[in-house]
Amino acid sequence: FKGDDTCEYLLSSGRFLGEKVWQPHSCMMHKYKNSEAKNCLIDKHIVFLGDSRIRQLFYSFIKIINPQVKEEGNKHGNIPFEDKSASIKVDFLWYPEVNGSMRQRIKSWTEGSVAKPHIIVAGAATWSIKLHNGSNEALTQYKINITSIAPLLEKLAKSSDVYWVLQDPVYEDMLSESRKMITNEKIDAYNEAAVRILNSSSRNSRAKVKVFSVSKLIARETIMKSSDGLHLPESSRDTNAMILMNVYCNKIMKPIDGSCCQPQPPLTLIQKLAFCFFTLSIIGYLIISLIHRNNYRKNKSCTDLEMGEEKKPTISTPHVSTAEMLLHCFCKLGLIMTYFYLCDRANLFMKENKFYTHSSFFIPIVYILVLGVFYTENTKETKVLNREQTDEWKGWMQLVILIYHISGASTFLPVYMHIRVLVAAYLFQTGYGHFSYFWIKGDFGVYRVCQVLFRLNFLVVVLCIVMDRPYQFYYFVPLVTVWFMIIYATLAMWPQIVQKKANGNCLWHFGLLLKLICLLACIYFLSFSQGAFEKIFSFWPLSKCFELNGNVYEWWFRWKLDRYVVFHGMLFAFIYLALQKRQMISEGKGDPLFSSRVSNVVLFISIVSFLTYSIWASSCKNKTECNELHPSVSVLQILAFILIRNIPGYVRSVYSSFFAWFGKISLELFICQYHIWLAADTKGILVLIPGYPMFNVIVSTFIFVCVAHEISQITNDLAQIVVPKDISTLLKRLLCLAGFFSGLLLFSAVQEQSKH
């Protein structure tokens, strides 16, 4: 830990990921769009002062503001640029040497007669080497001149951002005869002089001239692609301009994926209260543990010296009380949440940008597939989508989604489309599982609803408080929660139709189908009526749950993307359970699901359908168009997979215990990855061990999986305490919960007021 000044790292160190993606040491760099750049630089005046290399940087910088700019104008003269829509002025001033003229220009800004620029980017040296044929006298004069300029730049740094750009190395083999005297040895000498002299009088001051040395590292990797051996290729100078934009704008715009130069966010009132609560829980649990330990020591068995026998303790180990169990859970949760905060809110651990390569995605996929096959066991039951099989399905899907996220594979459209099917498959299981439970059990009690809602939402609510994020940020949990409530409302509303009732009269089956058709009609209407959808979820306090960045568009997008798949899951469950009741399918161990002939035909159709979808997804050219088709066609691959997995009896009779283990904690894995495996709210990668990417992934993954497993245990333990079976006690707890969320809304409103 070298301190939290990530600006220092951004300006001085980093490496290339691939050929064009620059990764600063320890932090993440945001790629600014022109609209973001304008918002950051509104009413600002920026000056680039120097030679042709600085002119290149000037053009790359203004192209971020306006990509249509052409590199025109006098190469050896001043070049102005203005964006009137945002009142931004950017000037290039031609000063190829560090001399009296440059000093006079800088001095004019310090005297107050001329308005000071907000940002000054300066640098020059190669012309001095060229004009004086690389003589030592020229270097001596350069030192004298920069010594005279340094105090002026340091004075300007108190009110403006001042950057001195060190000289990039050259590719000596490509230099023209007139530039042969510009050697890397000479450039290093000039850079060394500039670094030593700048800030020499203000070493302990916060206002310093920022030395832009990272350009040298970039040039070492890319100068071979230069057209003349002196000037950087366009991609490299664009990287330098983007670094400059990050240094100045990140602290203003605060982009999620731009952790460089961003200060640690201050603790909110709710976070402070959460910290106090967890601290008190830890202290309370430690006190109770010490009391129990002392009681145990007093009453433990001791040796009778006279008889030489051991006496039995008079008091047995005390039973763990509900209060102690609560404190134990909150104690563990408090320590875990501290780790979450340190990983993704404090500037303690490093963060890096994702970089996609085919090998970084597909090699881990093959690896986990081999592991999954290795841990194959027989299932306890051989029904379609039995518990072991659904856990296995959730497990391998979750592992694939995790690899997809950490490898940054969303940039590769075929992979993105297949991952969308996996998310849809989770929702399909939601429809299938909850419909099956309500249909078979007929249990529409409050206890069941509260148990499901608690298990789904507990971790997310805690993270919203600790990490200061809106509920909708963890989009999958709101999605599953809302769909669960829709399934419950559809089946619980009058007339309640369950399997027991339907077995007595077949007409009830048509009644249930009518309910499902009404549900489909509502989904269809809302999917084509964005206004109606947004009105429903814009009412307070629903808006507090489903708004992200001030509107519910993200919620609308997520809901619409998989709008039919839960209905498909419910319909599949209904048809499957009806066939099972009438004994039209065979689910014995080793038996095919249908007769041999029918099984072969259906299996062949399923394989063709599965491959057809994959071919279509792989040929996708436009994400928007494919997303439009996805809700209607994703069910084909899901159904094809279910049939391929269940028609052959020997395949249905085995499962992977490796995948099933991960499936049991799949929800916790999905949510925890946001902050302790990935970083910057999933935009980057957490770096616990810098410099060793593979070892870092192994260590961070081990901790991440252990934490997810522990949170799953905590959630299960708390669910038994917080959601009791006794209805009167449960109603009291619900009233307390309503008070808790009312308090959260109140504190949230106070925070909003204080921000404004």
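Heads up, the Cβ atoms here are built off N, Cα and C, so glycines get one too.
Pulled from TrEMBL, these are the features on record:
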{"type": "DOMAIN", "residues": "22-92", "note": "domain 'NXPE C-terminal'"}
{"type": "DOMAIN", "residues": "253-734", "note": "domain 'Cas1p 10 TM acyl transferase'"}
{"type": "TRANSMEM", "residues": "269-291", "note": "transmembrane segment"}
{"type": "TRANSMEM", "residues": "355-375", "note": "transmembrane segment"}
{"type": "TRANSMEM", "residues": "396-417", "note": "transmembrane segment"}
{"type": "TRANSMEM", "residues": "423-440", "note": "transmembrane segment"}
{"type": "TRANSMEM", "residues": "452-468", "note": "transmembrane segment"}
{"type": "TRANSMEM", "residues": "474-494", "note": "transmembrane segment"}
{"type": "TRANSMEM", "residues": "506-526", "note": "transmembrane segment"}
{"type": "TRANSMEM", "residues": "561-579", "note": "transmembrane segment"}
{"type": "TRANSMEM", "residues": "600-617", "note": "transmembrane segment"}
{"type": "TRANSMEM", "residues": "659-679", "note": "transmembrane segment"}
{"type": "TRANSMEM", "residues": "685-709", "note": "transmembrane segment"}
{"type": "TRANSMEM", "residues": "730-750", "note": "transmembrane segment"}
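With helix defined as DSSP H, G or I and strand as E or B, the domain 'NXPE C-terminal' (22-92) counts 22 helix, 19 strand, 30 coil. Below 8 A, the CB atoms of the transmembrane segment (561-579) and the transmembrane segment (506-526) form 3+ pairs separated by six or more positions in the chain.
Within the chain carrying the transmembrane segment (506-526), a Cβ under 8 angstroms from the stretch's Cβ atoms is held by residues 486, 490-491, 495, 497, 532-533, 563-564, 567, 570-571, 574, 578, all 6 or more beyond its ends.
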